[in-house]
Structures are given as C-alpha cells and as structure tokens.
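**Student:** Quick one: structure below, then a few questions.
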C-alpha cells in the first residue's frame with residue numbers, strides 16, 4: 001500500500017527571501033513534504049493545511065519600517081512548532097514582545113556563532129566541539145535587540161549578541177543566520193532537528209514513494225481516457241512522458257515538434273529514447289520549414305520568441321484535434337512555477353513572475369490538465385527521471401531555452417545559421433564531456449553572431465562568421481559567474497570549430513557575469 005507521503009508536512013510562510021525555495025528543497029531532501037505560501041495567506045487555509053510545523057522565511061524588508069510584513073497571530077495560536085529564519089526570527093521577536101534594531105551596516109557572509117545554551121535545536125551540533133561554535137552564513141541588516149518574554153538567548157556572534165533564541169515550552173525557535181545554504185555547515189542538521197525531532201515528521205518523501213503516489217493519482221484521474229503530451233526533449237517533459245507511460249501505457253500519446261531549432265541530432269535522440277527503447281507512442285512532426293518561413297526577416301528577439309511559441313501552439317493544436325479520444329493534456333509544470341504564479345491575496349507578498357507553461361496553450365482546448373510534477377522542484381524531477389530509468393546524461397544535461405536556437409542566433413534566423421550553430425554547440429559540449437568539465441559548469445552553449453570577420457584560408461583572405469562560446473557557474477541561475485575554463489581547452493574547441501565547420505573564421509569566449517549580462521544572449 002502506498003504511504004500517504006503528504007501526511008507529515010511543513011508549511012513555509014514566505015516573506016520574500018531569495019532563499020525561500022532553497023529552504024523547501026532542503027526539507028524535501030530530508031524526506032519531508034513541504035509547501036511555500038505567501039506570509040499573508042488566509043488564516044483558515046493555513047490552519048486547515050494540516051502542517052506539523054511552520055517555518056517563517058527570511059525577507060528583504062526591515063521590521064523597523066512601518067507596514068513591514070508581520071508574522072500572523074494565528075500562527076502563534078496554532079500550538080505548532082515554529083522556526084523563524086533571519087527576517088522570520090525578527091518578525092517573531094517583534095510580534096511576541098521583543099525588539100529589533102537596524103545595524104550600522106549589513107552583515108553578509110561567513111560568521112562564527114557561539115552556542116550559549118544548547119536547546120533542543122542546537123544540542124550536540126558543533127563545527128568546533130570544544131568551543132560549541134557553528135560556521136554559518138549571515139545576510140541581514142536588522143537584528144534582534146531584545147528577546148520576547150519567556151525566550152532564551154541560545155547563540156551569539158562577535159557582532160550581534162542575539163544570533164538565535166528559543167522558547168522550548170512553546171517549541172518556538174529563531175536563528176539570525178541561514179541554515180538552508182551550504183555555507184552553514186550544520187544547516188541541514190538543524191533543519192532535520194526541527195522537522196524530524198521537534199515536529200515529529202516521518203521521512204516519507206522519497207523518489208520511489210513519489211512515483212508510486214503519482215501513478216495512483218494519474219490512473220484515478222484519467223481512467224481509460226487518452227492523454228496527450230507536448231514532448232520537447234527537455235528534462236521536465238521527458239520525466240512526465242516516462243512517468244505517464246509507466247502509469248497508463250498506450251493511453252499516452254506524445255507530440256514531438258521538430259522545429260529545426262533543436263540541439264544537433266536531438267530529434268533522433270528523442271525518438272530513439274522514447275519510441276524505440278521505451279515503447280512510448282510518439283508522433284514526430286517535422287516543422288522546420290514552417291518555422292524558418294515564419295522567422296524570415298524577423299530580427300527582434302521578443303518577436304522571435306512569440307512567433308516560435310505561437311507556432312508551437314498552432315501545430316500542437318492541429319495534432320491534438322486529430323485525436324478525438326484525447327480528454328487530457330499533460331504538462332511539465334514544476335513547483336517553482338506554482339510558487340511564482342501564486343501571488344498573494346493581499347498583494348503584499350513577494351511575487352517573482354507570472355508563469356505560462358508551454359507558451360500558454362489555447363483556452364479553447366477543452367482538455368483536462370494533468371501535471372504530475374507540479375509538486376516537485378527541478379532537482380527532485382531529475383531524481384525521479386533517474387529512478388524511472390531515463391539516462392543520467394538526459395536527465396542532468398544543461399538547460400535549453402524554449403525557443404531553442406532561435407534565441408542563440410542573433411538577429412534573423414536562417415536554416416544555414418541554425419545548422420552551423422547546432423554543429424558548433426555539439427563540438428563544444430562534446431569537448432566538455434571529453435575533458436570531464438561538463439558537470440563542473442552549470443550551463444554551456446554556443447551563440448551564432450551574424451557578423452563576418454576576416455580570416456585567412458590558405459593564402460587568401462576570407463570573411464566568415466563568428467561563433468561565441470558561453471559557460472557559466474551558478475546555483476540558482478538568478479546570478480551567475482562566467483566559467484574560467486582552461487585556455488588549452490578553449491583552444492581545442494576553437495580549433496575544432498574553425499577546422500570542421502566551413503563558414504566560421506573566429507571563435508570568442510564570453511566573460512560576462514549575470515548581472516549585468518543575462519545568461520542567454522537574447
């Protein structure tokens with residue numbers, strides 16, 4: 001019998017911190033289900049959610065400012081364990097009768113915390129056992145200057161006298177540092193202490209249990225109806241295809257639109273994996289000529305994106321209309337999409353962006369929605385993919401933009417540009433694998449520059465195209481550093497591209513960080 005993997009769960013109230021989703025991912029890694037909600041979500045829904053504990057996240061606001069987001073009273077009336085992190089600790093302190101003050105300057109970076117009182121949260125945890133000190137990561141401006149009545153100061157640093165506090169009889173805890181980031185060495189142990197030991201959650205959130213749970217849900221939801229899925233070859237849609245095939249077999253039909261803007265050989269790879277090896281029913285639509293015709297004479301990046309997205313919708317809708325038995329549309333929506341679209345009932349919560357999966361499929365498509373990954377973060381999706389038997393290389397490959405090479409060809413998109421770029425990109429990726437560098441960078445790709453540069457071919461001058469290489473290192477893709485790849489490696493890649501691809505005379509390497517640049521060129 002499938003265990004109820006949602007029975008023991010944690011609720012994270014988001015005050016707008018950049019690390020909030022990381023808190024959720026760390027708790028999921030422990031094996032406990034959790035959700036992220038805006039801090040001002042309705043009291044009725046928060047209490048009816050059935051959480052075994054609540055975490056108050058960090059946030060960019062100041063508790064000393066009028067109208068700053070505040071910890072809701074009903075949270076403290078719930079008798080649940082509460083863990084405030086950074087701003088979460090500050091708003092807890094203010095709400096319960098303590099005080100905060102603004103520091104002379106922000107504290108950002110590594111810090112050493114002295115454990116003063118080893119309460120249930122800190123007991124037995126130390127990076128320097130003889131001194132009861134923890135190496136942590138700080139990122140704050142304000143700090144707690146007076147703890148509320150009934151609270152004990154549990155940790156301090158050289159700069160702030162109250163780095164952590166607790167009220168054990170209520171199971172209320174607060175830390176000024178960030179246990180969710182890897183720089184806090186005992187961070188995962190602290191989160192486990194709260195979630196498992198203090199809240200009493202069982203660790204049921206595992207890949208095997210998630211697969212079993214989703215198979216049961218999908219079968220119950222769709223019955224014997226047919227389901228269609230837009231298969232892109234990306235991680236999310238590939239995992240959805242593998243999961244649904246395991247759940248409903250031949251009831252699933254995947255529609256793979258070959259746009260002519262994919263990675264080199266990707267169309268054949270997708271067909272080989274899903275149709276030939278896994279037995280999934282895949283309809284391949286070769287639409288390259290339609291895409292190149294539609295993009296002719298278009299130079300604006302946003303216009304290109306819209307054309308590519310709208311044409312995908314049109315082609316997908318054409319194919320879906322042929323399948324009269326299809327009652328359900330499957331999509332690869334994942335949990336960050338849900339969080340970012342959630343917004344707030346009061347409009348005060350931190351909203352990052354609005355999400356539209358698959359470019360926003362037409363509302364007139366009267367199909368039910370199946371989104372088996374909507375509770376999962378990207379790292380969980382990858383683990384599910386491996387557990388479902390997808391190749392590691394497919395599941396863990398670098399991100400690829402929805403419009404494909406259409407936004408890696410600057411300016412007008414032409415078939416000959418796409419072919420050159422796909423081959424150059426393939427050489428770059430192949431050499432990264434050969435040098436054991438692929439998994440050491442977060443994303444790497446080539447860009448086609450529509451400018452000609454002088455070169456020498458034999459004894460004659462030639463004006464040929466330029467290829468730019470881009471590789472970045474990042475944790476969250478919100479910020480990124482350019483990857484300092486070895487010179488010898490870059491020389492090898494450049495030589496291969498110039499020697500193997502007729503029409504390219506120059507290769508350059510992009511050394512721009514994000515910000516100010518974005519990761520993609522368009």
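Yeah, the Cβs are placed from backbone N, Cα and C, and that goes for glycine too.
Okay, these came from Swiss-Prot:
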type     : residues                          : note
DOMAIN   : 9-204                             : domain 'Glutamine amidotransferase type-1'
ACT_SITE : 86                                : active site, nucleophile
ACT_SITE : 178                               : active site
ACT_SITE : 180                               : active site
DOMAIN   : 205-397                           : domain 'GMPS ATP-PPase'
BINDING  : 232, 233, 234, 235, 236, 237, 238 : ATP binding site
**Student:** Given residue 237 (ATP binding site) and residue 180 (active site), what distance in Å do their CA atoms have, once rounded to a whole number?
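**Tutor:** Pair distance, Cα basis, whole Å: 29 Å.
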**Student:** Which chain neighbours of the ATP site, leaving out 232, 233, 234, 235, 236, 237, 238, have a Cβ atom within 8 Å of the mean position of the site's Cβ atoms?
**Tutor:** 231, 239, 240, 332
**Student:** What is the separation, in Å, between the Cα atoms of residue 236 (ATP binding site) and residue 180 (active site)?
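**Tutor:** Cα-Cα distance, residue 236 (ATP binding site) to residue 180 (active site): 25 Å.
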**Student:** Long-range neighbours only, meaning 6 or more apart in sequence with Cβ under 8 Å: which ones does residue 178 (active site) have?
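**Tutor:** When sequence neighbours closer than 6 are ignored, residue 178 (active site) has 19, 58, 85, 86, 136, 137, 138, 139, 184, 187 within Cβ distance under 8 Å.
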**Student:** So, in DSSP terms, is residue 233 (ATP binding site) helix, strand, or coil?
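**Tutor:** Note: residue 233 (ATP binding site) is coil by DSSP, not helix or strand.
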**Student:** Give me the long-range Cβ neighbours of residue 238 (ATP binding site): same chain, 6+ apart, Cβ under 8 Å, in sequence order.
**Tutor:** 231, 273, 274, 385, 390, 394, 395
**Student:** I'm trying to understand the geometry here, so how far is the Cα atom of residue 180 (active site) from the Cα atom of residue 235 (ATP binding site), in Å to the nearest whole number?
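**Tutor:** About 25 Å separate the Cα atoms of these two residues.
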**Student:** Using Cβ-Cβ distances, find the residues under 8 Å from residue 234 (ATP binding site) that belong to the same chain and are at least 6 apart in sequence, listing them in sequence order.
**Tutor:** 332, 400
**Student:** Between 180, 236, which of the recorded positions has the fewest other CB atoms within 10 angstroms in the structure shown?
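**Tutor:** Comparing Cβ neighbour counts within 10 Å for the recorded positions 180, 236 gives 236.
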